[in-house]
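Student: After the C-alpha cells below, expect a handful of questions from me.
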Amino acid sequence: MASLAYRADISGLRAVAVLLVLFFHVGFQTFPGGFVGVDVFFVLSGFLITSIINRDLINHTFTYRDFYLKRIRRILPVLLFVLTTTCIMAWFVMFPGDYERLMQGAGLSFLSFSNFYFNNITDGYWGTKAESIPLLHTWSLSVEEQFYLLWPAIMIGLFAFISQQFHRWILLGATCVLLLLSEYMSIHAPNSAYYLLPARAFELIMGATLALFLPKMRKITPTVNHLLSLIGFTGIICTALTLSKSDVFPGVNAAIVCFSTILILISGKDADNQGVVNRLLSNPALVFIGLISYSLYLWHWPIIGLLNYMAVDKTVPVQFAIISSSILLSIFTYYAIEQKFRSVYIFSFKKTAIIFLAIPFVLLATSIVYVKETNGAAHRFSSQGDTLINTLLSQTYSDCRAPYCSGSFENKFSNRINDADFLVIGDSHAESLEGFVNVLANDANQRGAVLSHGGTPFLIGVERFDIGRDAVQPTFSQKNKDKLDAIKTFAGDTVIITGRYSHYLRENSGDAFYYEGDDTNHATSIRNFKHSFEETIKQILSLNKRLIIVKDVPEFDIDRARCPILGDMLGIELNCMESMPLSDVLEQREVILDFFEHINIIYPEVHFIDMKALSCDSSSCYLERNGVPLYRDSNHINYIGAKTLGEIYLETNKNPL
C-alpha cells in the first residue's frame, strides 16, 4: 500500500491553523477571528482522508480494519492522556456539578459525541458557560470523527454504483448544497451550526472534492502558483483579522477560509513548482509546529479553560505562560505518545481495540458513575466550602441550604399569574432578583410571579438587532408582547422591571435596538432604547399599575464568584479582588443612570430601587455582604445573596410593595 507523498507545506499550514486558534483563545486581540484555524483543519482532514481512501479503493486495498486501526493509533492515545490529565487537574478546582459535567464531557469526547453534548449544555460556543469548560474544544474532534465514521461508506458507495469520472462532480455538488445548509443553519440555528456536522460537512467535503480534482489538474505556471498561494494565505489571515464572534458562522464566512485553504493546497501540489507561500510554509520551524499541532490543539484549551474557571486574568505574562506550557506539553506527548504508538508500539487490531477502546470505556464509565453517585465527588470540599458552594449556586428558594438561610422565610413566588399581587419582569436579571423580592414579599405578605427571558429586556415595540448576523432576533418582540399581555390580565397592582441595561447600551455589545427603517449604529440604538423604555412605562402606568424599576447590581469584569471557594479547596489564600472601585461602576452605567434621572423627573410616580447602594459604599462595590457571597457569576446575583440584599434594604428603607 503506497504512501501519499509527504508535503511539508501542509504541516506548515497546520501550524498556521493551530497558532491562529491558540492566539485567539489566549486572548490576543489582533486575531478576533482566529477560530477559523479549525476550519483550515477541517479542509485538510477532508483532503487527506479522501486522498487515502480514494487511492486504496482504486488499488482495491481499502479495508475498514486498516482504516480505523490507523485512526485509533493517530487519535486516541494522546486524546486519552489529555482527557485523564484534565480530569485529574479539574478534581482540585471544579465544583461538584461542574465536575460531573466535565466527566460526562470526557466520556462523550471518547465516544466522539461531545459536540452534541456541548451544544445542549452551553448557551452557544461564545456563551459565558462555554469559556470555562476545559474539554469544550473536543467538539471539533467529534465532528471529524463522525465524518470518519460515515465517509468510507459513502466513498465505497460511489465506487460501487457510479462511474469514477462523476465522483468529483458529485462531491462538488454536495459541497454547494451543504454550504447552503450551513448558511441557513448559521442564521436560524447558530449554536447548532457551530457545533454539529451538518453545518460543517461542506468544509470537510470541500477538501474531499479537491482530493479528487487535484490529480487530474494540469501543471500550473510558477507565476499563477505564486499568485494562488498569496491569495489563499491572504484570505486565511484576513478572515482571522476581521471576523469576530458576532459574525454569521460557519456558512459563507467559513467558505472563504476553506476556499483560501484550497488555493494553498493547489499551489503546492507539485514539489518542484510550489507557490511562494508554500515554500515559506515549508520552513522547518513551522513544519515542527505542524507536526505537534494535534497535541498542541488538545493541550491548549484545558489549560485556558481551567484558568477561566479559576477567574485568572489573562495578563501578558499569563498569556505567554499558556503558550509556552502548551507547546512544552505538546512536544512531550508528540514524542512520548504520538510517535511511540505510530511507529514503536504497533499492536494487532484486536489488541489495539482492547487497549484503546474497551479498557478506557470501562474506566471512563466507572469514573462517570462514581462521580455521579457521589454528587460530583462533593467529599472533596470542607464544610465551609460546601456552604459557600450552596450559596453561590443558589438560584431558587429550594436551593437555600446554607446556615444563614434558617428562620421563617416562605416562598412567595409561583407560576400562577392570576394569583399574583405583583409581577417581576425582565431578562435573566429579573429571575436572579427573586431572592431580593421574596424578602419584600414576605414582609408585605404578598405573592408574585416572575416573567423573564434571558437576553430579553422588557421593551415594547422595539426589536433587538443582531449586528453580526445582520438580522432581527426573531422572538424578541413577541416575548415582550406576551409579557405586556400578562400585565393586562393579572389582577395585582404592582409591576417590577429590571434588566442588564448598562450592558445592552455598551457600544461593543453586538446588538442594537431597532425600529424598521432605522440605522443600527450605537447612537440610534441608544435613542431607540430610551424611546421604547418610555413607551413601556407609559403602557404600564396606563393600566393603573404601580411601577417599580430596579437599578441592577454592579457588573464585574470577569466571574470572580468562585475565587474564595477555590482558595478553600486548594488550601491557599487567593487574591480574589473581591471589590471594584465605585468610580468604575458609575462610568460603566453613565448612560443608563442619566436616563433614569430623566425618568425620575418625568414620571415621579415611578419608584426606583438602587441595588448598587446595597452592595457598595462610598468608594467600592463588593462581591459579598455580611459574609454572604452575592454573585453566581460576573453579573448575576445568587438567590441567597439576593435575599441578603433584601434584608439590608428593609433595614433602612420602606417596603415598596
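Counting starts with 1 at the first residue shown.
Glycine is treated like the rest: Cβ placed from N, Cα and C.
I grabbed these lines from TrEMBL:
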- 9-334: domain 'Acyltransferase 3' (DOMAIN)
- 418-650: domain 'SGNH' (DOMAIN)
- 12-28: transmembrane segment (TRANSMEM)
- 34-54: transmembrane segment (TRANSMEM)
- 75-94: transmembrane segment (TRANSMEM)
- 146-162: transmembrane segment (TRANSMEM)
- 169-187: transmembrane segment (TRANSMEM)
- 193-214: transmembrane segment (TRANSMEM)
- 226-243: transmembrane segment (TRANSMEM)
- 249-268: transmembrane segment (TRANSMEM)
- 280-299: transmembrane segment (TRANSMEM)
- 319-337: transmembrane segment (TRANSMEM)
- 349-371: transmembrane segment (TRANSMEM)
Student: Can you name the far-off residues of the same chain, 6+ from the ends of the transmembrane segment (226-243), with a Cβ under 8 Å from a Cβ of it?
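Tutor: Long-range Cβ neighbours of the transmembrane segment (226-243): 16, 20, 24, 30-37, 40, 220, 249, 253, 256-257, 259-264, 266-268, 274-278.
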Student: Summarise the model's confidence over the domain 'SGNH' (418-650) as a mean pLDDT value.
Tutor: 87
Student: Using Cβ atoms and a strict cutoff of less than 8 Å, what residues sit near the transmembrane segment (146-162) while being 6 or more residues removed from its termini?
Tutor: 45-46, 49-50, 53-54, 57, 62, 64, 67-68, 71, 112-113, 115, 170, 197, 201, 204, 208
Student: Could you tell me what the rest of the chain brings near the transmembrane segment (75-94), counting residues at least six beyond its ends with Cβ under 8 Å?
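Tutor: Result: 102-103, 106, 109-110, 134-135, 138, 141, 145, 294-295, 298-299, 302, 306, 309-310, 333-334, 337-338, 340-341, 356-357, 360, 367, 377, 380, 566, 569-570.
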Student: Under an 8 Å Cβ to Cβ limit, what residues of the same chain, 6 or more beyond the ends of the transmembrane segment (249-268), are close to it?
Tutor: 7, 9-10, 13, 35-36, 39-40, 42-44, 47, 179, 182-187, 190, 193-194, 199-200, 202-203, 206-207, 210, 214, 217, 220, 225-226, 228-229, 231-236, 239, 243, 274-275, 277-278, 281
Student: Mind checking which residues of the chain, 6+ beyond the ends of the transmembrane segment (169-187), have their Cβ under 8 Å from one of its Cβ atoms?
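Tutor: Distal contacts: 158, 162, 193-194, 196, 198-202, 205-206, 208-209, 212-213, 248-252, 254-255, 469, 471.
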Student: Near the transmembrane segment (319-337), which same-chain residues lie under 8 Å Cβ to Cβ, leaving out any that are not at least 6 residues past its ends?
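Tutor: Distant Cβ neighbours of the transmembrane segment (319-337) are 22, 26-28, 77-78, 81-82, 291-292, 295-296, 298-300, 303-304, 307.
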Student: Residues of the same chain, at least six outside the transmembrane segment (280-299), with any C-beta under 8 angstroms of its C-beta?
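Tutor: Answer is 8-19, 21-22, 41, 74, 78-79, 82, 137, 264, 268, 274, 325-327, 329-331, 333-334, 337-338.
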